[in-house]
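What follows is one structure encoded as structure tokens, with my remarks underneath.
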Amino acid sequence: RKLKTGTASVAVALTVVGAGLASQTEVKANRADDARNEVLRGNLVRAELWYRQIQENDQLKLENKGLKTDLREKEEELQGLKDDVEKLTADAELQRLKNERHEEAELERLKSERHDHDKKEAERKALEDKLADKQEHLNGALRYINEKEAEAKEKEAEQKKLKEEKQISDASRQGLRRDLDASREAKKQVEKDLANLTAELDKVKEEKQISDASRQGLRRDLDASREAKKQVEKGLANLTAELDKVKEEKQISDASRQGLRRDLDASREAKKQVEKALEEANSKLAALEKLNKELEESKKLTEKEKAELQAKLEAEAKALKEQLAKQAEELAKLRAEKASDSQTPDAKPGNKAVPGKGQAPQAGTKPNQNKAPMKETKRQLPSTGETT
């Protein structure tokens, strides 16, 4: 564009120079014509003036010739300048085309660079979004890992606690098993004593059937026997209540160590009550033996009274046997429940007790091996004098 502007300026300048030369030549030619015309019109022009005029004309001719030469030179120069201008114009146009092509190429390059930049910017933004998403996933994974580690620690603590509780439970199970074995031995002894008591009562019935005591003495003996029977029944009822209490306490769920200790104490207390009931039964049997002796001393009853007394004694003995049989069934059932409890796995702490199931063993409990054995009573039969 600059080259084009300069070329146009040169062309304008050359045009102005050519126009000036042409106007100057025309002015000089006009002056010569005017002088000749003036001479021709004035016939009185002096010779000197004419000569001067001729010289001037010659001079003007020379000048005109020189001006023509200059004009040709100027025209040639102008033509050269025009050629140069055309050449410069062509070069400028070529350069302009080249520049335009260069500018188009530059524009295309800039467009390509802009496109690449936009593409890279989009890729960078996509990578940033992807990185943010990955970071979010990573944060979520870290949170999940932390939660799992916390859960693992909690489970490890729970397993450790369960392991300790299992050790305590195993120790308490062993202790309670020993106590249960001792309790079974005690129940066997109770059953044996009850069997002896039944045999003694049968013997008393036989002795009463053959006694010839007097009515008054027999009535006293009968009242005493009934009282003794009531005491025995009371003792058996206490024994039944204590055994029921033991069963109910066995049905309590896997409780704490203190609860198991209380249950064990209650079982021991029940055993003491059983021993006490046996002692009372022994004392009542001793009273019956004393009554039998008194019956032997008084033999004044009639056959009818003997039959009535025998019927009453048989009825009472039958009722007592039924009660003893029922008590034996309950003891057998209790033994079966305890045997099944010893085979079942320990319940977890905090669960409710299921009826009919035994309690979990208590840690630290000791078997009743050091307890004093049940007092073995010796009784002498009044009829034969045999000691049992």
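Every residue gets a Cβ built from N, Cα and C, even glycine.
Given the ranges 85-113, 288-316, the record in Swiss-Prot names 85-113 as region 'Able to bind plasminogen'. In Swiss-Prot, the motif 'LPXTG sorting signal' annotation falls on 381-385 of the listed ranges 66-70, 361-365, 381-385.
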